[in-house]
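Asks: Quick one: this structure, given as structure tokens, is what I'll be asking you about.
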Amino acid sequence: MCCNNNVRKVLMLSEMINRILKLPLYLKLNALFFAALLFICTAYTKTAGFVLLNLYHKPWLDRVFRVLTHLGDGCFALAVIAVCFLMRQRRLGYSLTLAFLSSGLVAVLLKILFREDRPKLYFEKTGFRYPYFIEGMVTNNSCSFPSGHTTTAFAIATVLSLWSGKNNMVILLFFLAAVAGYSRIYLAQHFPQDVLAGMVIGMMAGMLSHHLVLKKAVYGQTRPQTKYNLIS
């Protein structure tokens with residue numbers, strides 16, 4: 001009976017991998033990132049999963065991630081949107097704006113609803129001594145779930161990826177969004193669960209915003225040509 005269950009699990013895993021491999025590149029990358037984070041969130045405790053992703057800390061990495069985390073800032077997203085409008089890419093600008101605002105609204109509402117403790121306060125309450133808090137880094141205490149930076153990064157990256165459709169650009173955008181998400185864990189601002197939720201919210205907001213613009217629901221002109229139309 002046990003062997004049958006193991007075989008069934010292996011077959012299910014194999015089927016899931018095959019389905020992932022058939023997805024468009026951006027969805028494929030996101031699915032793999034999602035699966036990795038989901039495994040960590042389900043196979044380990046909240047503290048253990050956080051520590052697992054923070055085993056390696058160096059001063060130079062501290063400096064790098066303090067910069068890269070701004071890829072998920074609202075100011076950075078607004079700058080990208082402004083550039084699109086300045087370049088007269090209005091449909092792209094509308095799509096990015098809708099993704100940014102809708103994903104941000106969902107993230108804020110969930111933060112208010114759950115009011116989860118951030119790592120520093122959580123560890124203080126549980127008595128765990130985490131050794132890698134970065135000197136000079138301001139750490140917040142509440143509203144941990146979901147990660148707002150991750151939400152914004154994936155919302156912007158999703159829209160830009162769907163509009164570009166070029167594999168090199170898709171890989172770069174996914175990498176930047178994933179780094180922004182991981183930086184929140186490295187800097188002890190969020191847990192893996194927060195980043196996982198932020199990724200899903202941002203990606204869904206980006207896809208829906210892209211879809212609405214394609215369907216002329218936001219901007220009623222000629223339908224733009226894009227490589228990926230993930231929602232028909």
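Each residue, glycine too, has its Cβ placed from N, Cα and C.
Pulled these from TrEMBL:
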DOMAIN    92-210  domain 'Phosphatidic acid phosphatase type 2/haloperoxidase'
TRANSMEM  31-55  transmembrane segment
TRANSMEM  67-88  transmembrane segment
TRANSMEM  94-114  transmembrane segment
TRANSMEM  170-189  transmembrane segment
TRANSMEM  195-214  transmembrane segment
Asks: For the transmembrane segment (94-114), give me same-chain residues lying six or more residues beyond its boundaries with a C-beta closer than 8 angstroms to one of its C-beta atoms, as numbers and ranges.
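Replies: Answer is 74, 77-78, 80-81, 84, 143-148, 151-152, 154-156, 158-160, 163, 197-198, 201-202, 204-206, 208-210, 212-213, 218-219.
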Asks: Please spell out the DSSP helix, strand and coil residue counts for the domain 'Phosphatidic acid phosphatase type 2/haloperoxidase' (92-210).
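Replies: Taking each residue of the domain 'Phosphatidic acid phosphatase type 2/haloperoxidase' (92-210) in turn, the totals are 87 helix, 0 strand, 32 coil.
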